[in-house]
Amino acid sequence: MAYRVLLVFILVISVRTEEEATTRMSRLERLSLREESRKMFYHAYNAYMENAYPADELMPLSCKGRWKGITPSRGDMDDALGNFSLTLVDSLDTLAIMGDFSEFSAAIKLVINDVTFDHDIVVSVFETNIRMLGGLLSAHILANTLKQEVPALQWYNGELLAMAEDLGRRLLPSFNTSTGIPHGKVNLRHGIRSLSESRETCTACAGTMILEMAALSRLTGNPVYEQKAHKAMDRLWKIRHRTSDLMGTVINIHSGDWVRKDSGVGAGIDSYYEYCLKAYILLGDEKYLARFNRHYNAVMKYISRGPVMLAVHMHRPHLQSRNFMDALLAFWPGLQVLLGDVRPAVETHEMLYQVMQRHTFIPEAFTSDFQVHWGQHPLRPEFLESTYFLHRATEDDHYLQVGKTVLKALQQYTRVPCGYAAVNDVRTRIHEDRMDSFVLAETFKYLYMLFGEDKDLPVKLEDYVLTTEAHFLPLSLATDGKNTTYFTLKIDDDDEDKYRKTCPNTASLVAEKVRQPMRHLLGSTAARPPARLRPLNDPRQIHALSDMGISVLTLPDGRVQLLYTTSTAKSAKDAAEGLTFMREMSKWNSLSDMENGVVPAAVKFNNKLFPAGPGHFGKEITVQDLYMQTAAFVTPFDACTPIENKQEVEGKFGISKRGQCTFAQKVRNMQKAGVTLGIILDNVPDSTHESTALFAMSGDGKDDIEIPAVFLFSQEGRYLTESLLENPDLVITVGDHKFLKRQMDNNCDDGNCEAVLETQSAPADKESFDHLKKVLSQLVAQFELSLSNEENTSPKTCTDEKDEINILKDKYVGKEVKVESVCTTKDAPEQSKVPPLMPPPEYNKKMTPETDVRDGF
């Protein structure tokens, strides 16, 4: 059953929360943080050079390098690798920006002498373009610009540009499609000859080429690179949805048809929008500004919901396509700053900051109520990028404080002896043996630039455009080489009137006043525990709840009550956080999986029924589908490489563990081994459907998976593991959750079976409970009114005359409702007589792993 508790609100005083005035950061502290950012970069850079170079990336936990084809594969995650010293090339210009010209010169010499692209290796066109080609071009431009004034660079004679052109030629075959939309991958030596099965690419992958390719054309005088990139951008514009002006996320490169039509501003589409605007800024081609304005208006109309950005269906833009956001959308406020639309940038950034404070880091995906959807955090730079641009636009020291918070979190939770390690799950903060090249190329660069001053940089920032990988391309390229008017670029007739220059909104605003209502809307800035983060018997959460004025009462029969009194909170701000927590618990108590946008599947064995997350790939599990089979654990258990025990799992359900690669990659490998259905078990310790909402496993844009797959949280997975160890011939049933539950209800009249994790029937006095929930929601509404009240009010006591609480008609309920306030003394709070709800089933108690197989949970 869903984990339900009785929520008892005892309102003693009115709590007032206001955003504290942003503390001005002293110049001394700012310089200290700038130097700490520099030291962070060198800790990671030196760890890479000493332990990994010339490999592509550093594995910070293993203290060794990651190579393509040598280090165990992580599936599609390794597409950025090409055995071309990726991290060094990507971070060359960071050395220059930090003023370390001697190391910059030495690093360029290493790249010239050691790096080659003549490898029989398949790489991502997108990643290679933004990281490698962009890194080479940016380093070349800075070296050329600085060598007249920097003796250490006077030897440089354009060698990096020659390497960039060599790499550009190797990327050109990817554009050989009937649509002009490039392949997602290319072989550095053989082009696309061995990639005939390649059919799909993401919108961002195809639309994030124009800056680097145009720069290469204009620096070398060879127009072909820019022509190819323009053609791809033109085709993308033509296949937008003409009514909504939105883009999908995955395209068939041969037909130009949309494969995935969900439209947001995050993964799969993010940098396409970015390059539409930046192509205008860099190249001066006004058609890109017109296109961006059309897209931007559509995004703000259909996708933006206040500070929240939720994806929709491009062809049905009023229909939400998923209930979570991903971390990559954090670039959007920075892009809005470039456009001049600062107010919504402040709002969305504040929303992201709330998420970060709640979980220490921004998880890869999170729901609109800030719960973790995917817990990984690979030290991404996008939030810092937007923080940097907002600080430049507003000169508000709040953004310096935000950067300081990020810096301290990185230092405390991700620094390891060999660099900085990615976070596998923000809830556990367990490390992952991963340090992407963008950590050096972007994350530490933006930190350094945020705390630094313009005079700290060796070049004038206003003379450059920063690419999506934070590489520097000069605005002078607009008049260098062949201008875009040289090319024949057809413009849609119906859009000609749109191709005109517009001026961004430069109206001044005080960012603090924009953030303040966001605080009231989203909750306080305190990093309080989410309502579903841990079981309520966790002493850490009980302590945190106590600070917020919430007592956890366990009755003799095992039932649980939450008692909330503002007078026992640690501070007024903590009391306000307590209210927000209770509001989330109230909402969660009545939240079903269907309301979360997930149609659950179910796994049944031992006469028990477990809800399971479905997949957005493979065969959909519908009411008509019922799968019954024995199961076996796959080897390797993470299923990220080809399955080694094919004979044992063929024709059975395959069981693997989450982590190391995408869900789709695991199921794809199991399918190749003959598995008929994949069951993936969570790797987050003690996770359960009782405390975490079900989610649907995301696909990777490919449609080659034919078998179904489901996801079980770790407590349910541990129970399945124990059952299989006791009975290897155990028959498991997988199907639609509602169908299996009805079937179980019809067959369980004898009481021998149990629907595990299902919501139990309501208590006999259901009307009383429903009335209580109604009262609670009204008390929440009234209490929140006092939170946003600008004037203090005197707290009432039990000696005061009892007043009625009036709920405003137009804001909270359909008609005016009057509810008597609850009045107590501090020493003897009066509790509701409504009986609390039952706790979770007994099986939910923690199980101790006894075998190596179960140690993976």
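Cβ from N, Cα, C; glycine included.
The model shown is predicted, which means the values in this text are computed figures rather than measured ones.
Sequence annotations record features per position, and here TrEMBL assigns active site, proton donor to E127 (among others).
The feature active site is assigned by TrEMBL to D270 (among others). Long-range Cβ neighbours of D270 (active site) (same chain, at least 6 residues apart, Cβ-Cβ under 8 Å): A204, L328, L329, F331, W332.
For E364 (active site, proton donor), other Cβ atoms within 10 Å of its Cβ number 22. Under the heading active site, proton donor, TrEMBL lists E364 (among others).
Feature annotation from TrEMBL assigns active site to E382 (among others).
Taking a C-beta cut-off of under 8 Å and a sequence gap of six or more, T468 (Ca(2+) binding site) has these contacts in its own chain: I130, T208, S271, E274, Y275, F331. Taken from TrEMBL, the feature Ca(2+) binding site covers T468.
As annotated by TrEMBL, compositional bias 'Basic and acidic residues' applies to 843-857.
According to TrEMBL, the domain 'PA' annotation covers 636-718.
The annotation region 'Disordered' is assigned in TrEMBL to 823-857.
Positions annotated as signal peptide by TrEMBL: 1-17.
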Nonlocal neighbours by CB distance (under 8 Å) for E127 (active site, proton donor), same chain, sequence gap 6 or more: D79, A80
CB within-chain contacts under 8 A for E382 (active site), separation at least 6: A327, L328, L329, A330, F331, G334
Reported mean pLDDT - the domain 'PA' (636-718): 88
Within the domain 'PA' (636-718), residues counted as helix, strand or coil by DSSP: 19 helix, 17 strand, 47 coil
